[in-house]
Amino acid sequence: HRPVSETDAYVAQKFCDNRIVSSKYTVWNFLPKNLFEQFRRIANFYFLIIFLVQVIVDTPTSPVTSGLPLFFVITVTAIKQGYEDWLRHRADNEVNKSNVFVIENAKQVRKESEKIKVGDIVEVKADETFPCDLIFLASSSPDGTCYVTTASLDGESNFKTHYAVRDTTVLCTHETIDSLAATIECEQPQPDLYKSLGPENLLLKGATLKNTKKIYGVAVYTGMETKMALNYQGKSQKRSAVEKSINAFLVVYLCILLSKATVCTTMKYVWQSNPFNDEPWYNEKTKKEKEVLRMFTDFLSFMVLFNFIIPVSMYVTVEMQKFLGSFFISWDKEMYDEEIKEGALVNTSDLNEELGQVEYVFTDKTGTLTENSMEFIECCIDGHKYKESISEVDGIAPMSPAHFHISPTCREELFLRPSGCLSEPRGLLISLLPCLCSLGLYRVQKLPPELFPLLLFCKGADSSIFPRVQQDEIQQTKAHVDRNAMDGYRTLCVAFKEFSQEEYDQIDKQLCEAKMALQDREEKMAKVFEDIEANMHLIGATAVEDKLQEQAAETIEALHAAGMKVWVLTGDKMETAKSTCYACRLFQTNTELLELTTKMVGDKHHLCFHLYFRSLVLNQEYGLIIDGSTLSLILNPSQDSSSSNYKTIFLQICLKCTAVLCCRMAPLQKAQIVRMVKSTKGSPITLSIGDGANDVSMILEAHVGIGIKGKEGRQASRNSDYAVPKFKHLRKLLLAHGHLYYVRIAHLVQYFFYKVRICIHLTQFMFFLPLTIKSIKPLYDAAYLTMYNICFTSLPILAYSLLEQHINIETLTSDPQLYMKISDNAMLQWKPFLYWTFLGAFEGLVFFFGVYFLFQNSSLEDNGKVFGNWTFGTIVFTILVFTVTLKLALDTRFWTWMNHFVIWGSLAFYVFFSFFWGGVIWPFLKQQRMYFVFAHMVTSLSAWLAIILLIFISLFPEILLIVFKNVRRKAQVRTAYAPCTLLSCRVSSTLTKRRVEVHFPYPGISF
């Protein structure tokens, strides 16, 4: 915002404001955008077409029969999606409306965060979050440094040191910083957190200022152009297995609908081809209409008449069940953690039932299986071990080589003094140079130029440090590192290198040139770092312990018992991860481990085939261990090699292993592994769980993503479908909640098709064939058709799908094998689908023909009157409503007051509505065709007898099946707990021995 010289050519650029937008709608576009998205669903679009046909064409049913349910579905779904988007708006406003301080006219001005513009100078105080991406100009520290934690961005909770631009370090007051006039030349916004214009000068939005009183920075990227916003990967639309099954069933019944409409249209014109069956001679209408147009109109009329085979109300019931059911996870007190004062969180309710279908679990190690709370165990310096129970690994304090105490405020001195690098603490100022991030190194350190010698310090994993040090110095430290890794400790190595002043100046010049490059900056900096870090001297290594989380081992055992395969994907070294896997019982003592690591890739062909045939031949539990380097060779083989089939062989090996450990994994490789398993035959359901930002890729890739509310920030929990405080909560989430959610929604889907596609559709079809082949008349009144799914039968199945517990939660949690009974989408396969279909067909035939034979009697009322067409349909509809409702009552195992209320209340409401609609309660309705139909029906004794008898006949097979299951279950229980009557034991004992002989009454069985 500074004036530019008149002689300078300058074209003002337009930058976005600092608003963060994660919401989907606005007040102005909500209605059109939401309607467009809803009518992209096939079912909604289908019913819209049916509604338009009813409005335009003379059809046998009123447009209300399809228009009102469609309006109800669209309205409820819009309210649900609007509420969820309102929550996103509220979260955005909390960020956008937060107060920040901007320097204007040498004064501190309070503004809302969303009003920050590119070029504004922002003041940030200690423990505040940076409101946008800032170029660090000045600090309250005299050396121009500040400390930042980026846990919310990349999961790293350690402090990082950032440095102000050299030319602006002295501008530490409002007046001096406001006098700054400068131009920033930088690259376009990009999401890479580590690829920027000098990482030590850039303060990213979302990071937090620590241990620094205040800093000044100039806004360079704002709003949706900040790296945090660009790193937010929108969740891809995940579809559950239940939704896919619903779509498959809909396709089948859409074909049936088209075929029935075609058959009925054909039969009508075959019947009318007989001159004696056609319309009377005085009706001239048929002669004037075109035959093709009339046939098409009749076809559409039959489509409308039978359109209830596809239940539009099922979608809104499913949406309500998912949305309301998700609250049970959030309300679960057993999944509440007292330490962080938070419980489980549901970010999406569309995948509740998918929790009951998981086959593969991919989990991170650090912070997920372990506490991510590092406790110092020991360190090794020049081959000598030092051990003390302390929490800090390094610091400055008076000490002896054998025993020391660590100061928590000063760092980096521990490895210098025992190794002889420094003779006394001199209050050294240590500045940091960034290391090669891609190699996993942390930071290098040097002394200021006025103090000699100039030392560079580097710490990182042994795989990154050992190749950069003198090879003769490795052996002693390597033995300690390997032993600590075998004990399950996390290790870190430290090395140093001495520079002369000339070397330092040359390095500093090369780094500055590389940092200023706008093209190929990473490659140029990598080359400089590679030269700097060569031929260093190894100082030693540290060992810290990351304790296993509470009940982590028991949870993995339960997942295994439930038939799930657990894979651990971690960036730790193999020995540490392997030890943790034994501790958490991923690997058992009898598990034979197959290792595929960099040490073995010399003969890849022989190794892969050897492991494959071993896993085929031997009857043994196998566990596989593979590292990231080998995985790259397998998943990304060279084009000219013969290793194109490595991926297939590797996948076959993995599928035969009960547990897999992948170590030294990059975040992208985690997602590749999940994607590889997802694409296997059968498309198994995958679940990924992690706590850090490096786990986000696999969380988004899996069918179900679980985030741990851990210590590595909340990036994982924000991008997940569900978030839990601890890994142990995964057991109840899957075995109890997932099991119940799947059973409930599977029963809901089958029940909806049963009560709509068969009971209504079949009776209407049977009514058409013998009675209304020429007139296309409906069997039921339009009001009954409209209210059937909205009021008469909707609440009982909704309550069932929310509250049903066919097995109590304690049993589901304690017996993981029950989870396998519903695996592979068992309740929505074609076998149960056909069972429900035949059950509905049987009941539909009973409804129709039972009432049909009842009407063969010429006198049905006491006064000799005969019931008419609408009475016939009302009797069938009454039997239908009572049968499908009582069927659900028979299926209910967990009764609550709400189940009783909605089941018996729905039946009572149907009776009340029938009297109301018949003009008994409201005489204003006496002109319509259903006037006193229901009232006259209930006065007939034969109608009562038919209703009760046909309801009993329809439910009799279900009652027999329930009785048979209960008898068989009780017999199994008695067998399990009965005393052992098949064995006769004889025990003979003396003072020296005891002998037990057991005899079975079956030949050849004894011991």
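Glycine too: its Cβ is placed from the backbone N, Cα and C atoms.
Because TrEMBL annotations are produced automatically, they should be read as predictions rather than curated entries.
Per-residue confidence over the domain 'P-type ATPase N-terminal' (12-66) averages out at a pLDDT of 80. Positions annotated as domain 'P-type ATPase N-terminal' by TrEMBL: 12-66.
Outside the transmembrane segment (39-57) by six or more residues, the chain places 63, 65-67, 69-70, 73-74, 247, 250, 254, 297, 300-301, 303-304, 307, 310, 312, 315 with a CB less than 8 A from a CB of the stretch. The transmembrane segment annotation in TrEMBL covers 39-57 (among others).
What TrEMBL lists as domain 'P-type ATPase A' is 96-228.
Per TrEMBL, transmembrane segment is recorded for 248-271 (among others).
Sequence annotations record features per position, and here TrEMBL assigns transmembrane segment to 299-318 (among others).
Among the features that TrEMBL reports, domain 'P-type ATPase C-terminal' is placed at 718-967.
The feature transmembrane segment is assigned by TrEMBL to 785-803 (among others).
The transmembrane segment annotation in TrEMBL covers 833-855 (among others).
As annotated by TrEMBL, transmembrane segment applies to 867-889 (among others).
The transmembrane segment annotation in TrEMBL covers 901-925 (among others).
Annotation source TrEMBL lists transmembrane segment at 931-964 (among others).
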**Report entry** Spatial neighbours of the transmembrane segment (785-803) far in sequence, C-beta under 8 Å, 6+ residues away
**Finding:** 61, 64-65, 68-69, 72, 308, 311-314, 317, 320-321, 324-325, 328, 744-745, 747-748, 751-752, 755-756, 760, 778, 877, 881, 884-885, 888-889, 891-892, 894, 896, 898-899, 902-903, 905-906, 909-910, 913
Query - Residues of the domain 'P-type ATPase N-terminal' (12-66) by DSSP state, where helix covers H, G and I - result: 27 helix, 0 strand, 28 coil
